[in-house]
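Taking it in order: structure first as structure tokens, then the write-up.
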Amino acid sequence: MLLTIDVGNTFTVAGVFEGQNLLAEWTVTTDPNRTMDEYGMLFTQLMARAGFSSGQVTAVAIASSVPPLVPTLEWMCQKYFNLKPLVVGPGVRTGMMIRYDNPREVGADRIVGAVAAFDKYGGPLIVVDFSTAIILDAISARGEYLGGVIAPGIVVSADALFQFAAKLPRVELVRPPRALARNTVHAMQSGIIFGFASLVDDLVERMMAELDPEGKGCKVVATGEQAELLAGECATIQYCDPSLTLTGLRIIYERHQAHARGGR
């Protein structure tokens, strides 16, 4: 059984695979102040509630957008699972060529999502990750990572409105009944939900013009914590796949293992 852990700036998503099947998935708050033991107890308890034991885990793969947490999770894996995890980063074979000025600048989560998306949907392709930031990544028809766009996420933007506009309340991030709002809460929800959907559609169209100028068929897939909330509001998004990064971790782990066996 493979345990996959995707550490984002706001949330950490974990899942267990048996072969290609995702058996269970959990989302917890990312907290750099948690200790190795706190993370160990958290993951083992979540697994136990789903009917799994730590002894069933034979491998761990990690992608992290929070570098200080990597050593904590590595120690946690060694203590609670008796395993050395595969941490996706420079030097790990992903099977994807990275066409970026400095490949080391690209976050592991972006590459992991791109690998899974190309494997599942083919290219050319744009991956829209609705997380702490909204990140759009482009993959060529040949499976090359070409770069992308980073914009503020909806939670960050909503919090900024609450913090810096004295009369605006903190609002629940849900779809309002209409775009033309008749109260402040709905007006903020309209601006956030419909506004960011329009932002994504415009960015996708601009990227498509460069990625697929002949219009042969560029696919667009959404992932991330807010994917299910926003994907349906975006005219350009064709697929919604919230578990994309976990799938990418599985694929990269399998490729890494295949390369290690071939190298012996």
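Any Cβ shown, glycine's included, is placed from N, Cα and C.
Just so it is clear, the model here is predicted, and its values are computed rather than measured.
Annotated in Swiss-Prot:
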type: BINDING; residues: Asp6, Val7, Gly8, Asn9, Thr10, Phe11, Thr12, Val13, Thr132; note: ATP binding site
type: BINDING; residues: Tyr100, Gly107, Ala108, Asp109, Arg110, Thr184; note: substrate binding site
type: ACT_SITE; residues: Asp109; note: active site, proton acceptor
type: BINDING; residues: Asp129; note: K(+) binding site
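Locations of recorded Swiss-Prot features on the structure.
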residue : record                 : DSSP class
Thr10   : ATP binding site       : coil
Tyr100  : substrate binding site : coil
Gly107  : substrate binding site : coil
Asp129  : K(+) binding site      : strand
Thr184  : substrate binding site : helix
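Cβ contacts within 10 Å of Gly8 (ATP binding site), excluding its own Cβ and spanning all protein chains shown: 22. Excluding Asp6, Val7, Gly8, Asn9, Thr10, Phe11, Thr12, Val13, Thr132 themselves, the residues of that chain whose CB lies within 8 A of the CB mean position for the ATP site are, in sequence, Thr30, Ser65, Val66, Asp109, Ser131, Glu225.
Using a 10 Å radius centred on the Cβ of Thr10 (ATP binding site) and all shown protein chains, the other Cβ atoms total 16. Geometry remark: Thr12 (ATP binding site) versus Arg110 (substrate binding site), CA distance 15 Å. In the structure as shown, the Cβ atom of Asp109 (substrate binding site) sits within 10 Å of 27 other Cβ atoms. Spatial neighbours are here defined as Cα atoms within 10 angstroms of one another, and by that definition the neighbours of Ala108 (substrate binding site) among the binding-site residues Asp6, Thr10, Asp129, Thr132 are Asp6.
Tyr100 (substrate binding site) sits 18 Å from Asp129 (K(+) binding site), counting Cα to Cα. For Asp6 (ATP binding site), the nearest of the binding-site residues Gly107, Asp109, Arg110, Asp129 in terms of C-alpha separation is Asp109. Put simply, Gly8 is the one of the binding-site residues Gly8, Thr10, Thr132 whose Cα lies nearest to the Cα of Arg110 (substrate binding site). Every protein chain considered, the tally of other Cβ atoms within 10 Å of the Cβ of Ala108 (substrate binding site) stands at 25. Checked against Gly8 (ATP binding site), the binding-site residues Gly107, Asp109, Asp129, Thr184 differ in C-alpha distance, with Asp109 being the nearest. Proximity of Thr132 (ATP binding site) to non-local residues of its own chain (separation of 6 or more, Cβ distance below 8 Å) is seen for Gly8, Asn9, Thr10, Gly153, Val155, Val156, given in sequence order.
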